[in-house]
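Colleague: Copying in the features that Swiss-Prot gives for the protein in this structure:
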BINDING   276, 277, 278, 279, 334, 351, 352, 409, 410  substrate binding site
BINDING   276, 279, 408  Zn(2+) binding site
COMPBIAS  78-88  compositional bias 'Basic and acidic residues'
DISULFID  345-368  disulfide bond
DOMAIN    211-537  domain 'Peptidase M14'
CARBOHYD  361  N-linked glycosylation site
REGION    75-98  region 'Disordered'
REGION    172-202  region 'Disordered'
REGION    548-593  region 'Disordered'
SIGNAL    1-22  signal peptide
């Protein structure tokens, strides 16, 4: 049977300069697309309720946008009746404040099914012209059913959100955050007493992970951890942001007594998040793993052994300025807050600004682009500061970086180098694939969630066809460049042989607006992956020992562990235990890549 690949693009049709937005709607929910008046999930064409806030006459920008999209995709013009009914029905539903309605009220999120390279090129071109934001892609192998369907279904687009402003409103912390959804609220402060069982008898032990936390809460929480666990935890700064904030990090490790004049070369693993400001789940996940390691020392045999072998540097957000901005102004902001050549388009993409294989030519003339890489390598201040810190650790502090994990969202992928080109192969490709598969298995055993493992260059590429016999892609469509990434720089320039970028939950149902209920489950599954990585770097045989549960929340739902967590690397159904065999890794050789 011939198999094709279904490619879905998530993008925001924004009515102003670049807004980022995307959440797929749940199955069975119908939405009336503003340009057509048609329901995307119904068999007929009823006019259904549209939850977009109060109806506003379309602006000139909106009319221009719609006409271009209609010309590209052949969408029929909507009639007056459908527009009137849509407006009337959209008045009542949204509970989002006026500030969010004003910013996001006209935005819609669509999923397009791409079948040809020409359609892909047309959509990418239209997205660039209209400053639309592509959230991501996903591909599924399906039978060649499209040829049996009428053209209207073959070219249909599926709305993925009915009320973006409401979805953003619901994503903010419940307890009086300093956000545009609570314009009168003051900045929250972290209160240690608020997290005790006595004051919150019906909550889990650590209330910190029951919601997304702003920087004003995150920093005091980090200081509190250091004061409580000073024997193996220190608070450091790995740089300064464009707006003058420190980039805080927690260094966790147990240093044995050494009488030598020079300390032994210390192996270090870096876990970072928050490079893209809107990806809140990455900030919470780094914090969760840090808390689990800090509180697990002396209680968990796995954690105790790892902290005796490695220093872990946890950087919850490498983009504090952007993170603060997502709480105060724009929930879907992606870049940092650095000034550019256009005063009304600030910000540089921190994961496109690193020095290795930097390629900003595609966005050099457009600072408004969400992927703007700056005028040159390391123009983004935060990327330059972290790179300088890492180099100094190697040259002055006798540090050897053994691993690097950069957390992002979303799509549930474990990506290894290289991102800039699939033609450039890493020297230890087999080892990267082997450990990547082990991380995915650790996640699957802890939560039953599936994470795909692939090269970073294929994380944003979709294929339209497969070669017979080899199942290799015949044609690939790159949605955006991933040159200049932290992943590639740490691997190549800093020689961190085990570098990964992990894209966290989910696969598109919520996108960047992942509900707070996913914070603890996501943290737990990535905690298990980080533990597995540490054990692999120590010795493959250590993977056979226990992996204890983290100490940062309630127990996992599937209860698939014994008391010591021995089952981490056992396949379901009693299959033999998975064993890693790390092969010899030769010296770094650019010619072999």
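Along the chain as shown, the residues are counted starting at 1.
Glycine residues also receive a Cβ, built from the backbone N, Cα and C atoms like all the rest.
I'm curious about the neighbourhood of these features; can you describe it?
Modeller: Under the DSSP three-state reduction, residue 410 (substrate binding site) is assigned to coil, being neither helix nor strand.
In the structure as shown, the Cβ atom of residue 408 (Zn(2+) binding site) sits within 10 Å of 23 other Cβ atoms.
Counted within 10 Å of its Cβ, the other Cβ atoms near residue 368 (disulfide bond) come to 16, all protein chains included.
Look at residue 361 (N-linked glycosylation site): DSSP puts it in coil.
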Colleague: May I ask for the distance between residue 361 (N-linked glycosylation site) and residue 368 (disulfide bond), taken between their Cα atoms and rounded to an integer number of Å?
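Modeller: Residue 361 (N-linked glycosylation site) and residue 368 (disulfide bond) have their Cα atoms 14 Å apart.
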Colleague: Measure from the Cα of residue 408 (Zn(2+) binding site) to the Cα of every one of the recorded positions 276, 278, 345, then give the nearest.
Modeller: 276
Colleague: Which of the binding-site residues 278, 279, 334, 410 has its Cα nearest to the Cα of residue 345 (disulfide bond)?
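Modeller: So, of the listed binding-site residues, the one sitting closest to residue 345 (disulfide bond) is 334.
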Colleague: Radius 10 Å, atoms counted are CB only; among the binding-site residues 276, 278, 334, 352, which position scores highest?
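Modeller: That would be 352, with the highest Cβ count within 10 Å.
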